[in-house]
Every structure is written in C-alpha cells, then in structure tokens.
C-alpha cells in the first residue's frame, strides 16, 4: 500500500480543512502550483480500512504520529490510510487504507463532516428557520440597547434631556417586549426541533442496527449499541439544534456590533479587533483537540454502560458467585477512565474559555484607553464612547459564543462518527426483504446441507463444519446428535441465514436459502434455541411475538392438531386468535401452568422471563414457535429443563402436531424419547455427518456412535436417560471434536 508524500504546508492546510469539514479544491481549479508539487485527486481509489482501529479513534482526525504510521486523515473525498514503515513512492492519486483480517470497511472523509451533521436537521428546516428568524429579532433587539444607553448619556447634558430620555425609554420598552416574544418562540422552537431530530435519528439508527448481520452483533456488546441509541443520538441532536441557533445569534451579534463600531469610530474599531486573529487560531486548535477527546470520552462511557447493562441483566449469576464487589470495582474502573477523559475535556474547555475571556478583556481595555484619549481630544463624545464600549463587549461575547458553538459542533463529530458508522454499514448477509419466495404448496419443505463448510466470523481459524452433507425429506422428523462443538446448533443458524456458509449450499424446499427472501424464510421457521429469550411483557404478547408471520393455507388443520382434536381438512373458517394462542400453549405443555397464574395469559413475566422457571420459559418459547404454524421446526434441546412427565406430554403433542401439520422438523437433542420420535437420527462428528438412519437401525449396529452414547448414558437401548455428553464418544471414540 502506498500514498503520495505530502509537503509540510500541504499537510497543515488539509488538516485544517479536515477539522472544519471543508472539501479541498480539486485539481484543475484556479491558482498556480509549482511544477514539482503533485496535485491531490479527489477521485482517488479508496482502499480498505480496518474496523477495529476505527472503533477507537476519530476517523477524520490526523494523528500525531508520522505520515507513514497507521493514522487517519480526511484530505479528499476518500479516506486513505497507510501502514507502511517506509516512505511510499510518489503517485498522482491519493489513497489511504488499513486492513484487519477478512473484514474491511471503506470510510469516507465526509463521514463526520459538519455538512453531514447539518443534513440531520434538514427534515425540520421549517421549524429551524422560524427559530432562526426569532433568534435574529432577539439579537437585534439586544443590539439596540448600547446605542440607546449612549444617547441617554448624551441627553443628560442637553437642554431637552428629560424629553429625550422619555422617548428613548418608551422606544426601548417596545423593543424589549418584541425581543421577549422572540426569545419565547426561539426557545420553544429549538426544543421541538431538537426532540424531532433525536426522534428521527434514533429511528434510523435502530433500523440500521436491526438490519446488520449476526456477525456484527457477535463483535459488539449490546451496551455499546444502546449507548449509541441513547447518549450519542441525544448529544448529536441537542448539539446541532442548540449550537446552530447559538452560532447564528453569535454571528448576528458579531456583525451588528462590528457595524455599529465602524459607524461610531472606524479608528477605534481597528484597536478593538486587534486580538481577533490570535483568538481565531486558538479556536481551530481547540476544536481539533476537543473532537478527539470527545470521541475517546464517548467510547469510555459506552464501555462503562456495556459493563453495567451486562451485569445487571445477569444479576443472578453475579450473586451466585458472590461477585458483587468485584463487579462494582470493574464498573468503577471503567467510570474512572471516563472521568479522567472528562476531566481533560473540562480542563481544555476551561483553558479555552479563559483564553477567550482574556482576549475580550484585553480588547475592552484597549478600547477604554484609546477611546478615553479621543474623548479628551474632543474627537468622541462620552455617550459615543459608552456605546462603543458596550458594543465592544458584545463583539467579544459574539466571537466567544460563535467559537464555542463551533467547538461544540466539532466535538459532536465524535458522536457523529459512531452514529454514521452504523448508518452507513452494509451487512454482508441481507436481513431485510430481498429475494424470492416459494410458491404455495411447498410445505412441508425438504432441507438439504450440501458440502457445507463454515466457521464463525470471530473464530475463522476454527471451522465448525467441514463439508457436511445432510438431507431431511419433506415432512420428516430428523434428530441431530453430537458432542459439544460439532455444529448442531450451527445447522439452524445457517438454515435461518443468521450466517452464510463459506462453502457449500443450504437448501430449503429445493432452493438455495441465499436466493430466498430472508424475511420470508424466517417466517417459515419455528425455532426454539437452547437458551430461549423472552421479552418483558405478558405471556400472551410473548407467544404472539411472531403474529406477523404469513399464515399457511392449512391453518385450522394445524391448530386443531395442536389442540389434540381430530384433523378437519375441509374446515374453512379462521380460528379466533385466543383459540390459536391457547392451542399453541397446550401443544407446548404450557397451558396448565399459565391458567394457574392469577392473571393467566395476561401475567407480566419480567425482563427475559425472570419470574418464570427454566422449564416454563422453554415451554413458552415452544408455544411462540408453534403459534404462527411454521413449515419447519428447529428445536435445540427444548426439553432439557422439563421433568420426565411433562417431557412425555410435550413429545406426544409434538408428534401429533408434526404428523398432522404437516411440517418438517430438526430436533437437536440428547433425550432418548425424542430420538424415538424421529424418523431418522443424524450423528455429527468432526464437522460432518457420520451416521444418518433410523434409531432402530443405528442401535442394531455394534459400532454405531449413537449406540455408544446411549449405552454410556446408562439407559440401555430402551432407556429414558439422556445420551452421554462426552465429546470423545460423540466424535468417533477419541477423535477430538471441532471447535
């Protein structure tokens, strides 16, 4: 990877452009360049940028290391990064990249530019324009006061001074009344605009999070994403609306004050503006440093939020291991780190405000000294000097306020970077509607895994499946057995397109799942994971969670089977939702314990079903999977927390349901009763299917791995005990299981 070498003056100039969010002038424009300077192209190639460093440093800030170390810049329309340790050869194009393993992302330099931040407020432009108009009226009413004070001072010495004072007072009273109305409108409109911006930003951000592929969530803790939705979105929206109006008010104040100063005394105005260039340079330096600190502070706060959210959600585990004190110390350590950064931000802001105060006071002191000499010489009246001094103060306040608003906007780029990273990220596997759907009559579908190779994105060097071949016929119940880490749960992950295989095909109803609409595909599946998750709400709401799923043509026949009645294929009228709800609960063995609760199906179960037992959670998860009449069931150890009697009832209901539905079923289990329910049993070992036949056929083979697991489990060939969990038996008698 290579980049062109920049001259020092080019580096400084373009760094300042990047800090201000200004795009550099493309080649071929006006101006002359010496022949030995290479032009920087705005259409340069963009190479790959690593995700991991981008998550920790501001994408648009040039680091303090050398040009050839892994730093980031924002010099043209494409971001370029280099990881070379030696100076690269000169080129006519400018590109900057970094890579990190198999995943890469291209970051544009306008990712966090002020222009893009302002675009967030575009849908609320009318409200903001009204607020700006009110802000303008308010600022102008304020700027009329110094002139009135000067006139009053001069009126003290006039013969008709009392009449002049009365007229000026009445006039200013009206001006102040108008200003008060304008202030009221400005505050209300800005607050509304800020809340609307935050609302739309959170909606867009949450939609962007939901459309990401599963690997994205594997690499990011939930607390970090929640923090972006709450803190980052709020910071960006509030900073934009407040500081845009603040900057406009400061601009009006500055321009008006400067105009009045020139009107009163051009000579004295030159003295008052002498400190402005030095102050402007300080603003640029502050904005650049504050933006970097702001991004680091937000990352530190997100880390602390992630720790708190995770530990609170797992409070039972924390208490079982008596880890309260340890977790409190862990959180305190993260908060201390964020405090250290916040302290740096506070010190920088304090130094900045102190510098601004010193500049303003020095300017005012110069005005009073030089203006006093002009009054003594008769070149200026006392009233004019009074007005001039007040306008000079307003000028200083305006410049300070404007620079502060710009500084806050630059700091908002840190939060904006985290938000735009999500808004712009395209998932490697689509999670929204795109692709084909199978015609009516496809159910029950066949399922086929053809030479499937797969490794999880976070563990690319540890393959789980190594050329797996497995076919499940239409309407068949297939039990999946194998040791830990052999890829049993991975099968339904691939079937539902939570991940895509690196090689091979997964077919649903004869079609490659990558050609099907993933939204439609998932609605055809009823999945009960090994560790099911329920949401805070009522039991009925949790069972109905998949209510938007497409109903099958044989809905009544399916639900009648769930209720244990006779199959009525010619029934035509749709069932009441409550009847279907209870039918799913009965089929899952959940109806008895639900009706024993005080509020039955309206009982609130708490976050993640915290008020229920493990077996109750499993049965509700099964009812949720059955509620929308899936064409295919994928059940992962779904009876592991059930007692034998309840398990037997659920197995009988499930068999009646699947046979009458009909539907295809994948059952991952080590329970012998469920193995006997299956038409065929597939045994996985070393990432492949080593046995695939009926249970009776496999148990009749002395060398069968399934037979070894059953016998080692202590139940014999007719036993009800779980299979042996030993990986060495499940992986071919000593062959180590795939990770």
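A Cβ is built for glycine as well, from the same backbone N, Cα and C atoms used for every other residue.
Between the listed ranges 330-350, 351-371, 414-434, TrEMBL ties the annotation transmembrane segment to 351-371. Of the listed segments 247-265, 304-322, 437-455, 456-474, TrEMBL assigns transmembrane segment to 247-265.
Sequence-remote contacts of a segment are chain residues at least 6 beyond its ends whose Cβ falls under 8 Å from one of its Cβ atoms, and for the transmembrane segment (351-371) they are 265, 268, 271-275, 278-279, 282, 286, 290, 380, 385, 388-389, 392-393, 395-397, 399-400, 403-404, 407.
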